[in-house]
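Data block below; observations after.
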């Protein structure tokens, strides 16, 4: 990937591309593999079904998976006077997406960049997308706490960040990593909007009974210990996994499922928190 650092910094539009965005929410996880991008995608779809205009900024440099989850492939990214035009996933233009994956020449190529180059690319992604009017912009970040997160925060703060949603799984290993994410948020002054426990039990595709394969309640316990809001839990559901793999809208396909009910409830609590702020 040949991206000139000086060009990125010179062409970053520091002005008004976020001016019409009402709320900006970071989605963070302490470790990879906990389903952060899945939760980001499903929250965005739930917001869309609630009548909101939503954007997703996918800055996970090493694993930009949201384009596949929303079945948009690798479209050409066009430019307007204000910057890059996001890719819309529906005819109504109610869900917009910009991903680092759109800018890669080869989707199988690894991003082997040092910190300054990553930070410059993130700066341009944050500042140079012409979002227009949005109710909520969800920012899907890489796992952990690194240069990329600091770059996202530094550039978004020129506008405003409402807070962060932290995604964990029930196991102690994952909740331990989220503790460090909570410390990161406190040190950088980011409000924690709440914790989501993903893969919280397995939903049988035959009888729909939920079995706790890993453990249960780690996310809720962590929320209590740290004084954070527990937004809810999402089970490990084969139907949700298949929908994400195939780029289908889970809410449209399985509106009566317990898993969708959980996601919808989390989105409603989060929206209420944002709108009452």
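Any Cβ shown, glycine's included, is placed from N, Cα and C.
Remember, TrEMBL labels are computer predictions, not curated facts.
Taken from TrEMBL as is:
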- 30, 31, 32, 33, 34, 35, 36, 37: ATP binding site (BINDING)
- 204, 207: [4Fe-4S] cluster binding site (BINDING)
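Taking the Cα atom of each, residue 207 ([4Fe-4S] cluster binding site) and residue 33 (ATP binding site) are about 27 angstrom apart. Note: the Cα of residue 35 (ATP binding site) and the Cα of residue 204 ([4Fe-4S] cluster binding site) are spaced 19 Å from each other. Each of the binding-site residues 32, 33, 35 was scored by the number of other CB atoms within 10 Å of its CB, and the largest score is that of 35. Burial estimate for the binding-site residues (31, 36): highest at 36, by number of other CB atoms within 10 Å. Residue 36 (ATP binding site) and residue 204 ([4Fe-4S] cluster binding site) have their C-alpha atoms 22 Å apart, to the nearest angstrom.
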